[in-house]
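According to TrEMBL, the protein has these features:
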ACT_SITE  Lys36  active site, proton acceptor
MOD_RES   Lys36  N6-(pyridoxal phosphate)lysine
BINDING   Arg134, Met314  substrate binding site
DOMAIN    245-372  domain 'Alanine racemase C-terminal'
ACT_SITE  Tyr266  active site, proton acceptor
Amino acid sequence: MTNGTGAEVVVDLDAIAANTAVLRERVGRPLMAVVKADGYGHGLVPSARAALAGGADQLGVAVLAEALALRAAGVTAPLLAWLNGPGADLAAALAADVEVSVNAGWGLAEVVAAARETGRPARLHLFADTGLSREGATMADWPELVAAAARAQADGDLTVVGLWSHMAHADAPTHPTIGAQVRVFEEAVGIARAAGLTDARRHLANSAATVALPDTWFDMVRPGVAVYGLDPLGGDAADHGLRPAMTVQARVALTKRVPAGAGVSYGHTYTTPAETTLALVPVGYADGVPRAGGNAAPVLAAGAKRTIAGRVCMDQFVLDVGDAAVAPGDQVVLWGPGEGGEPTAQQWADATGTIHYELVTRIGGRFTRCYVGSAGAV
Ligand SMILES: *Cc1c(COP(=O)(O)O)cnc(C)c1O
């Protein structure tokens, strides 16, 4: 499969499975692998299958469409879709045996209505805001939400299977908000248990907390980015026994000799210091290569790490490879595990002022995705 650019996102399914196994082994308790946002850009269904092959107990996605796509592909594992706005098709969720989450009374009412419509009791998670101020019911609203959920459970409309929250600073393991959030979470759990919601799993830990904060593990952990082998703490994934699953590569489309003083790409923000060879790489910001990578981001080309010369354009960028031998068709690696001298997504993130999460979830456009490894393959 080619579109003429040779631009590929290569995903190593065995790495996803191995990372999941490392994390699962480390925590010694159930693990929900988060596969939202098309498996963090690695492919929803193959990533989910690979994580399950690696020992994930459950899957988590943000929106219902992602959950239904997994079910349509034949993935039967327990599955939570947590970001449901008003009017979400909760009946479809319940019919497909998808667990849902609510954080407000109106959401609970919609779940109860869907349960009655379908005759299928919901498996529900209640989301507490313990300090992130994002999803989740505030502690002011929590007792009322819990009481309403307990009534609905007694009525047979649902079972509360999860009590959960999300961390603000897990990637800064000594931050004072961490202890504070854990304490608020325990308080929220206490309120729910006192209301009779005694069978729910407590889950709080994202990747960073899974790697660094055992006090946050409770009954289940919920890692995303670490499953794909990226270090949630922004360091070296290998320190945690993780291996990046994604390699992003393209092929040189054109080379040319130019004299010293040639202005390169829009705005001439790079000028050749000497006579040199330029290599054109046919991927750009329309494909998820950040424009901020101009004169900043590293790639592996012609046997060495080189910085992109001048601006990243919509469809292409340029490299100054000096006198290295390079020809059209030669491979250029933007990022990968780092084991073959190529940069890592973390190095790209550092160079472009973002986080690897954003890079891997946005890479796409004219890159084709292909898979290596066999974990979870059907
Ligand atoms: C995305 C997300 C996760 C996973 O986060 P990572 O940092 O990728 O591990 C877990 N829980 C919630 C609520 C999320 O939104």
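Just so it is clear, glycine is given a Cβ too, placed from its N, Cα and C backbone atoms.
Automatic, uncurated: that is what TrEMBL annotation is.
In the three-state DSSP assignment, the secondary structure recorded for Met314 (substrate binding site) is coil. Rounded to a whole value, the Cα-Cα separation of Tyr266 (active site, proton acceptor) and Arg134 (substrate binding site) is 40 Å. Comparing Lys36 (active site, proton acceptor) with Met314 (substrate binding site), their Cα atoms are 26 Å apart once rounded. Within 10 Å of the C-beta of Lys36 (active site, proton acceptor) we count 19 further C-beta atoms, all protein chains included.
Per-class residue totals from DSSP over the domain 'Alanine racemase C-terminal' (245-372), listed helix then strand then coil: 24 helix, 47 strand, 57 coil.
In sequence order, Gly284, Tyr285, Ala286 are the residues near Met314 (substrate binding site), counting only same-chain partners six or more apart with C-beta under 8 A.
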